[in-house]
Amino acid sequence: MDFYRMSQQYDELNIERYLNSIDDQDVINAINKQHLNELDYLALLSPSADKYLEQMAKRARELTIQHFGRTIGLYTPLYLADYCVNQCAYCSFNSQQQFKRNKLTLQDLEKEAGAISKTGLKHILVLTGESRSKTPVSYIKECIVLLKKYFSSISIEIYPLDVEEYKELVDVGVDGLTIYQEVYNEEIYRQVHLKGPKKDYHYRLNAAERGCVAGMRSVNIGTLLGLGDFYSEAFYTGLHANYLQTKYIDVEVGVSLPRLRPFKGAFQPRTTVSDQQLVQMMLALRLYLPRVGINISTRETAKLRDAILPLGVTKMSAGVSTKVGGHSGNEEASNQFDISDERSVEEMMEMIYQNNYQPVLKDWHLFR
Amino acid sequence: MNNEEYFEAKPKDNLKIANENLKSRLLVGTGKFANNQVMNKAIASSESQVVTMALRRIDFDSEQENVLNFIPKGCILLPNTSGARTADEAVRIAKIARAAGCGNWIKIEVIKDNKYLLPDNYETIKATEILAKDGFVVLPYMSPDLMVAKQLVEVGAAAVMPLGAPIGSNQGLQTKEMIRILINEISLPIIVDAGIGKPSQAAEAMELGAAAVLVNTAIATAKNPVLMAEAFRDAVKAGRTAYLAGPGATKDYADASSPLTGFLNNQSE
């Protein structure tokens, strides 16, 4: 049974009505349970849980320190190319956007890798737009081989692949996969993915599972907060993470909580996810899935990232550029989206130490 | 006899692993600390002589971030194979650790289960056999099981490290009865690894007859790790001393100091 079929059992659940039926006692019970089920998780996401955020935060902090210690993993994204054949309503790389597209040569990539490597980071996330013709798997493989000289752990955030293709990348040294469903609601998914292969909801939904099958050590999922109804999207994200963690016990499952950010285009988010909701989702996730990784990117402000550091986060990006060649000084390329927290790796490390946590630049090494 | 004379008179009670005689029966880990300086002080305060660290986390390129630079001099390094999902991976990590100058002690951790972090005993036995033949001092972390422990002895383990409870759970000796069986039946040192959350639980393991305990999360995530390391140091010593002293038997009934049938003895007088 794949995740889609598993999640269908909740089709009958009227989430809005269920959320309204949650009372204080349901929330208190969920906070104090050792093993939470899906409905406990939903209780913690509910409006009734608003006034219990402090208790949730205390529990979330305890669980995070217990399982991950006082550590925050750091990584940075590296954009290989911004060519894209999709028309996603919310993204600057949308094929309809007119700007000079870029793709790194291996020489460019070496400069980029060298620049990042100087910061001390050993973990990177390699990104491309979705264009199989401009950035085929063969090109990505060449890049990975080069990057292995510089980094101990390489994750990818690229267009979804078949199991065999993921395996090819695992074989050359990729150990992590990040793939966001963007929005779990199928109807909204259809509306915001106007053209291109990304319109295939099911192929994208099952990509995370294909990565697990292919031998990825870590798989990171997420919904783009703002595209769909907050409660429902947060709920299905948790269900998906639990599904993967339970079925693929050898995979480290992580969840990102990206909120929509300004980009080139006029798309307006359907909903605005408040800071409080973002925090509530993070705390609920931690209580529901104590060992899941939680990633907060530079989409969020420095102030917010500093404040939520002790509440459940396990990974943060640092020294970020969302443009192709951005680490080695390419000023001509376009950002995929505007970031909020522009601090360097050094500044992030300093902040983390100030908060009595340890920044972890190297947490994994693929020994082959 | 004053204290000093007493301790001098007391026979040496060292823990022997391979050819090393260890005074301390507390092994400590290096993960989860808020920074390397605190870790360094906590290890010093624990007086531990064996320190484990995940090879995958060691950044040999960085002076500042390389955990090895913060392990007190004189400690035996016990690199572990954390991250390995198969025996092959564990063997590869062990060999890299040795080549990198971390010595020939290795703690085998083969874990496929990311939810509970329970070890894979079958792969652990395979890795232990290969590495023991290759001259490593192998300390395998395992789910307590007598048959598995016997196999680990047969294939050349230097000690056996059963878990008291899942890693980082701080639940104490949940597997106490299994560990008791291992202590009774296995000739190698039994080192309780994982799950110990409080000094009292470490003392309990030592009173039970464990040769040593390994503690990481409970120290690293304490409010004051340095003080907690000291507490564990003392608890392990106390538990060991109690074990050597031979605690009186536990009984289900009271043993009155004035026995109910004492009059029978009085009559015979």
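All residue numbers here begin at 1 and follow the chain in the order shown.
Any Cβ shown, glycine's included, is placed from N, Cα and C.
Note that TrEMBL annotation is computational and uncurated.
The domain 'Thiazole synthase ThiG' annotation in TrEMBL covers B:16-259.
Of all Cβ atoms in the shown protein chains, 28 besides its own fall within 10 Å of the Cβ of B:Lys107 (active site, schiff-base intermediate with DXP). Marked as active site, schiff-base intermediate with DXP by TrEMBL: B:Lys107.
In three-state terms derived from DSSP, B:Gly168 (1-deoxy-D-xylulose 5-phosphate binding site) belongs to neither a helical nor a strand segment and is classed as coil. All chains included, 24 other C-beta atoms sit within 10 angstroms of the C-beta of B:Gly168 (1-deoxy-D-xylulose 5-phosphate binding site). Marked as 1-deoxy-D-xylulose 5-phosphate binding site by TrEMBL: B:Gly168, B:Ala194, B:Gly195, B:Asn216, B:Thr217.
Other than the site residues B:Gly168, B:Ala194, B:Gly195, B:Asn216, B:Thr217, same-chain residues with C-beta atoms no more than 8 angstroms from the centre of those residues' C-beta atoms, the 1-deoxy-D-xylulose 5-phosphate site, are B:Gly29, B:Ala165, B:Pro166, B:Ile167, B:Ser169, B:Asn170, B:Ile196, B:Gly197, B:Val215, B:Ala218. According to DSSP, B:Asn216 (1-deoxy-D-xylulose 5-phosphate binding site) is assigned to coil rather than to any helix or strand. With respect to their backbone Cα atoms, B:Ala194 (1-deoxy-D-xylulose 5-phosphate binding site) and B:Lys107 (active site, schiff-base intermediate with DXP) stand 13 Å from each other. Counting Cβ atoms from all protein chains shown, B:Gly195 (1-deoxy-D-xylulose 5-phosphate binding site) has 25 others lying within 10 Å of its own Cβ.
In the three-state DSSP assignment, the secondary structure recorded for B:Lys107 (active site, schiff-base intermediate with DXP) is strand. For the domain 'Thiazole synthase ThiG' (B:16-259), the predicted model reports an average pLDDT of 92. Chain A comes close to B:Gly168, B:Thr217, taken from the recorded positions B:Lys107, B:Gly168, B:Ala194, B:Thr217 by a C-beta to C-beta distance under 8 angstroms. Across the fold, the C-alpha of B:Gly195 (1-deoxy-D-xylulose 5-phosphate binding site) and the C-alpha of B:Lys107 (active site, schiff-base intermediate with DXP) stand 17 Å from each other. Ranking the binding-site residues B:Gly168, B:Asn216, B:Thr217 by Cα distance from B:Lys107 (active site, schiff-base intermediate with DXP) puts B:Asn216 first.
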